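J.: This is the structure, below, for whatever I ask next.
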Amino acid sequence: PHTAPPLPYNMPLAYVFSVGVSFLLTCALLVYSMSRSFGESYRVGSSAGDLAIKVFCAWDFKVIQRRSVKLQCENICTQLKELLAEQRCHSRSRTLCQRLGHCTVLALAWALSLSTALGCALAVHYFSEHMHTVSAVGSAAPVLGCRSVPSCSPTAAPLLAPATGGGLGALSEGLPALLLLSRNLILKMVILGLLCYQWLSRRVVCSTEECWETCVGQELYRFVVMDFIFTLLDTLFGELVWRLILEKRLKRKRRPEFDIARNVLELIYGQTLTWLGILFTPLLPAVQMVKLLLLFYVKKTSLMQNCQSPSKPWQASHMSTVFITLLCFPSFLGAAIFLSYTIWSVRPSETCGPFRGMETIYKSGKTWVQVLEKSNPNITWFAWVHQHVVENTFLLFFVSGLLLAVIYFTVQVVKGQRRIMRLLREQIANEGADKAFLIQKLHSVYEQR
């Protein structure tokens with residue numbers, strides 16, 4: 001008889017381990033990027049002196065090539081526009097009626113945006129139940145039509161949202177860019193959260209004969225494909241056709257603006273789908289990379305040919321910090337919670353998949369440790385380590401607390417640096433006032449003599 005190997009290979013454990021390691025590395029990179037971006041963005045308390053620095057000290061005299069000189073001129077011009085728009089926004093004074101009107105428009109925009117998100121979520125819920133009912137009957141054509149509705153909703157709904165919340169937000173010139181981001185993000189996350197709940201409950205995913213992991217993977221593939229199709233349609237009709245209408249029919253020189261916020265949110269949405277499906281569809285990251293590669297060149301061509309720069313000021317350092325924060329907390333944290341609950345609590349399918357026959361996916365590690373202990377009794381200490389360290393939930397809470405502590409201390413360090421810089425700036429201002437006072441006294445003494 002063949003003897004058991006000293007270290008038997010366990011395919012389910014290797015599968016879970018690869019997913020866990022990828023998520024840990026991603027988490028570390030996200031925390032590092034967020035802390036670094038936060039430090040670079042908010043290290044200086046205000047931009048009071050940035051305008052003078054840009055005017056007198058921004059030019060690099062080492063640049064001599066014509067193309068580089070043109071790019072540097074455009075870069076400095078964009079930065080000056082951002083700083084002037086920020087100072088104009090801060091120095092603008094409003095009456096009481098204007099403030100009340102601004103708050104009314106803002107509240108109405110938020111109410112319509114939240115109602116749109118709730119309506120889309122209810123529509124997806126009822127369409128999913130209808131899809132489950134039709135699939136139980138056995139008709140194939142209506143099932144495909146019904147299944148395309150949830151896949152289209154997270155991508156199509158934000159395109160229709162500017163007609164409601166975004167249109168009212170345009171009436172208010174001082175509307176912060178962060179609020180415009182939050183409305184579309186809430187809409188996408190509410191729909192994805194509802195679909196994740198339905199996938200975990202397995203009530204409206206597929207029939208009882210099919211593997212529910214396969215159905216979830218097919219849904220996520222469908223989401224990525226529909227996101228790619230709607231992005232191409234938005235680029236074609238929202239930018240190319242609209243530019244032709246403005247130039248050919250309306251005889252205007254202006255072009256449609258390139259919406260930075262919506263395009264970045266599409267990237268966050270695509271990355272969220274990849275994180276959600278990495279356990280069910282191992283090839284989904286490769287599909288997402290191909291999709292991003294194609295969209296990059298399509299968006300680049302459309303940006304150069306059909307669009308103009310946005311009128312709303314976008315400060316790159318601040319907005320990159322906001323985007324990385326949104327990518328970390330709502331997106332990555334939600335996907336991690338979804339997959340953690342799936343691994344720890346959801347029962348796998350009985351007929352397919354590497355985890356069939358197990359109570360939960362997490363039990364694959366315990367089964368491998370038991371086989372390892374039987375095959376090699378000399379490493380019983382490994383079973384003890386697995387039981388008291390890996391299976392103990394205290395380790396998970398300890399790592400989570402350590403991660404939050406690192407983020408907290410990084411934020412506090414940056415706040416301390418901002419406070420010190422503000423005190424130094426006040427000290428420089430006081431020294432300047434003292435020097436001006438001494439110069440005035442010297443002039444008065446000289447005049448008396």
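The backbone N, Cα and C atoms fix where each Cβ goes, glycine too.
Below are the features I grabbed from TrEMBL:
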- 211-317: domain 'TMC' (DOMAIN)
- 12-33: transmembrane segment (TRANSMEM)
- 100-127: transmembrane segment (TRANSMEM)
- 220-245: transmembrane segment (TRANSMEM)
- 273-298: transmembrane segment (TRANSMEM)
- 319-344: transmembrane segment (TRANSMEM)
- 394-414: transmembrane segment (TRANSMEM)
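Quick one: how deep are these features, and who are their neighbours?
T.: Long-range neighbours of the transmembrane segment (12-33) within the same chain, counting only residues 6 or more positions beyond its ends whose Cβ lies under 8 Å from a Cβ of the stretch, are 275, 278-279, 324, 327-328, 332, 336, 339, 343, 354-355, 358, 361-362, 364-365, 367-368, 403, 406-407.
Sequence-remote contacts of a segment are chain residues at least 6 beyond its ends whose Cβ falls under 8 Å from one of its Cβ atoms, and for the transmembrane segment (319-344) they are 16, 19, 23, 26-27, 30-31, 33-34, 37-38, 40-42, 177-178, 181, 185, 189, 192-193, 196, 200, 260, 264-265, 268, 271-272, 275-276, 278-279, 360-362.
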J.: Okay, the transmembrane segment (220-245) and the transmembrane segment (273-298): do they have at least three CB pairs under 8 Å, pairs separated by 6 or more?
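T.: Answer yes: the transmembrane segment (273-298) meets the transmembrane segment (220-245) with 3 or more Cβ pairs below 8 Å.
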J.: Using DSSP, what's the helix, strand and coil tally for the domain 'TMC' (211-317)?
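T.: Across the domain 'TMC' (211-317), the residues distribute as 81 helix, 2 strand, 24 coil.
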